[in-house]
Amino acid sequence: MTTTPARPICPRPLRLGVTGGIGSGKSTFAAMLRDCGAALIDADAIARAVTEAGGPAIADIRDTFGADYIDAQGALDRVRMRALVFADAGAKERLEAIVHPLVGNAIAQAAAVAAQAGQRLIVFDIPLLTESPRWARQLDAVLVVDCREESQVARVQARNGLTEDAIRAIMATQSSRAVRRAAADFVVYNDALTLSDLQTKARQVAAGFGL
Ligand SMILES: CC(C)(COP(=O)(O)OP(=O)(O)OC[C@H]1O[C@@H](n2cnc3c(N)ncnc32)[C@H](O)[C@@H]1O)[C@@H](O)C(=O)NCCC(=O)NCCS
Ligand SMILES: Nc1ncnc2c1ncn2[C@@H]1O[C@H](COP(=O)(O)OP(=O)(O)OP(=O)(O)O)[C@@H](O)[C@H]1O
């Protein structure tokens, strides 16, 4: 006798972490994979959402850092907090202890929704993948977007006008390129590439994952 399952059995989606240092181009590359048909879960975007006015991190941030770190609209004052945490490792740890569990829960929920929707590839855009063991646990593979530090600095300066010193202070808190590459299953070297070249690479990677 044969039995028919009540629901079709869907294969589990492949979970690909995409990471890279500030300004490496990881969010650009992750968005290109989304355009090829992957589901995209963006940890930076979730971290911003939980620190918006009324967000679940705001009360703890006010209690821990004081009302000076909350702006007139009730959101995290990002400029003030950036200046604090990238100069004070203890403050960065305290901020992460508030924000990361909320981001972790939201990522798990978003991944469950994407899996339920039958997505074959879920891309997790996670800046701090190699800095903390928290993020890698549920991933099948890690793709690192790598480039020279000079390129990171130039891109971030062009994007938001931070000084080179400020950008290098952020980079100093992040994993080195060597540590990141050592954790990679795949490396995309994003230097001397046009955005169109990067898109071609994204299409190749997506095709390799069956999209
Ligand atoms: C310090 C904050 C307020 C600065 O905000 P800002 O708008 O300038 O930057 P944004 O959030 O867009 O992040 C830009 C990039 O900075 C780097 N960065 C952000 N947080 C961290 C961190 N905790 N450690 C090292 N680098 C970081 C990453 O490369 C990230 O992609 C903000 O980054 C923050 O709240 N960080 C703590 C939460 C966090 O760790 N987010 C990372 C994803 S979970
Ligand atoms: N190959 C490229 N050619 C031209 N511009 C690029 C290239 N790669 C990335 N960029 C640009 O560099 C900037 C940084 O890229 P992106 O935001 O993807 O970096 P990121 O690694 O996600 O940085 P962050 O950690 O700050 O979020 C963006 O303005 C993006 O358009």
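Cβ coordinates come from backbone N, Cα and C, glycine included.
Annotated features in TrEMBL:
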type: BINDING; residues: G23, S24, G25, K26, S27, T28; note: ATP binding site
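Each of the binding-site residues S24, S27, T28 was ranked by the number of other C-beta atoms within 10 Å, and first place falls to S24. The record gives G23, S24, G25, K26, S27, T28 for ATP. Within 8 Å of the mean position of their Cβ atoms, the other Cβ atoms in that chain belong to G20, F29, V145, R155, N190. Following the DSSP three-state reduction, the secondary structure of S24 (ATP binding site) is coil.
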